[in-house]
Amino acid sequence: MVADAPRPLRFTEILQYSGMPRGSLHRILQALQEARMLKLDERDQTYRLGNRLFEMAHRVWSEFDLRGAAEPELERLREAVSETTRLGLLDGEAVLIIDQREYPRPMRLGNGVGSRLSAPASAIGKAILAYLPPKDLRLFLNGRPLDALTPNTISNPDELQRELDLVKARGYAVSIEEQFIGVSAVAAPILDHRGVALGAISITGTSNRLTAERLHTLGRDVIEAARRTSGNVGETFMSIAAANTPIRGVDAALSCAFPSGAFLGEAPAWLPDQDALLWVDILAPAINVSTPANGGTRSVRTPELVSAVVPRRRGGFVATMQGSIRGIDLHSGDTTDVAVPTDMTGRRFNDAKCDPAGRLWAGTLALDASPGQGTLYRLDVDGALHAVERGFHICNGLGWSPDATRFYLADSGAATIFVYDYDLASGTVANRRALVECDASHGVPDGLAVDEDGYLWVAIWDGWEVRRYAPDGSLDRTVAVPVPRPTSCAFGGPDLRTLYVTSARIRLSATQLAAAPLSGSVFSMATDVAGVPVTPFAG
């Protein structure tokens, strides 16, 4: 129960969930503490896993037979996708292939068990490198020449680091003719109890069969195979299981406004001076400007992950990039420093919005979505950056009540929307409490928008719907959407009465994508209530 909870539990919560008598539970918890299986955090009186469990886990992993555990998964995966599957591990400076299940083809792959691949150029290598401890990765990369094996090989260390961060955010790595011309692959790491890669499983084949689109679709399959190999230990925080297709039909008022195959569409914001919708694809990574008048979308690729973009009062835009907040020119893609937090190693920015006074608020999460790593930041108009609150899982949707006395924040990992008292004059929050607690088996809250009546429109990740909640947290209505992973909402149009909904296709299987082919697109519907205009950053 404690291990499965999204956050540490208090005694009263364990008592409620377990249904045990109070005295019996006290004795059991005391015994578990004495055995170091649980520990009590005196600061907030919550229970966490004890060190003894990690010592036992380390002993299990020290005796783990990687090849034996992976063998059935390699066989299953080969038959499922009709491609060659491989198991590899890091051996010095290269990847060593220790098992392979070749799918019979007229043209066979030239290397197999015992062969060595470039770690920076292969999918297996990148999947492993992305999950090395930061110190070990720096030692691997420092002063190491990156050989350009093909025109597609990444030979710049900074570019490779950005690629590895993208791998960690996606959960899988792709190599498109980076090691050999005509050969492409997708791989996912097999993680131990610490979240460190023991090895990786890949699907490898000719590039005419393994196109870029198919590689990304197969990303979910290699993640599943890797997790099954490790007994689902390690990387379990990143969702690969979407809810089944709902029986109810899609809301009749909803339509696809901008067809797209975005990996992770997010952060929609209406630009009234352009009559256009601004939104991002975090994992492309790219910034998009979509125009309802012609249905077109203009994209600007960014050199690193980008999670949100807001207009700037003095002109231009401000973007939350992977580890910094930057000014950006949407025509050239050029960026300038605005603010850089000091503790962003292994983390990235997520949702960001401005309060009515023009301060920028932004949340973060761990690249691998592990819990407790998220922080809520506030960037003041004078450029001062403040860490307001730490310890979130996935710091997500942000918003304010129309009178700016309440601040909302969705923590997707905790499946909870929190509400704070808000002081607009000082930009401070207080008195955090849960407004909405979702049943995660039916989806979790992602991005949100607040309308002029103070109601919250919330995209429900893995829930096939958008929900409208009243200011008291009660459910007002639901809007069924044709995709399992709606990600965020924004009001747009000349009167702000059009609701736009972004979505994602990342880590959905081929079967799931066949059931929801519009995943990654942007949807719209007319509403009988208006939204609140976007406030530009005033700094």
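Keep in mind that glycine also has a Cβ here, set from the backbone N, Cα and C atoms.
TrEMBL lists D446 with the feature active site, proton donor/acceptor. Under the DSSP three-state reduction, D446 (active site, proton donor/acceptor) is assigned to strand. Of all the Cβ atoms in the protein chains shown, 28 others lie within 10 Å of the Cβ of D446 (active site, proton donor/acceptor).
According to TrEMBL, the divalent metal cation binding site annotation covers E266, N396, D446.
For the recorded site, D368 (substrate binding site), the DSSP three-state label reads coil. All protein chains included, D368 (substrate binding site) registers 20 other Cβ atoms within 10 Å of its own Cβ. According to TrEMBL, the feature substrate binding site maps to R348, N350, D368.
Taken from TrEMBL, the feature domain 'HTH iclR-type' applies to 1-51.
The feature domain 'IclR-ED' is assigned by TrEMBL to 52-235.
Among the listed binding-site residues, namely N350, N396, the Cβ with the most fellow Cβ atoms inside 10 Å is that of N396.
Contacts of R348 (substrate binding site) defined by a Cβ separation under 8 A and a same-chain sequence distance of 6+ are given as D165, A169, L305, S307, Q322, G323, T364, L365, L367, in order along the sequence. Summarising the substrate site geometry, the residues cited as binding it (R348, N350, D368) extend over a maximum Cα to Cα distance of 13 Å. Using DSSP to sort the residues of the domain 'HTH iclR-type' (1-51) gives these counts of helix, strand and coil: 22 helix, 10 strand, 19 coil.
Here the candidates are the recorded positions E266, N396, D446. The one whose C-alpha lies nearest to that of N350 (substrate binding site) is N396.
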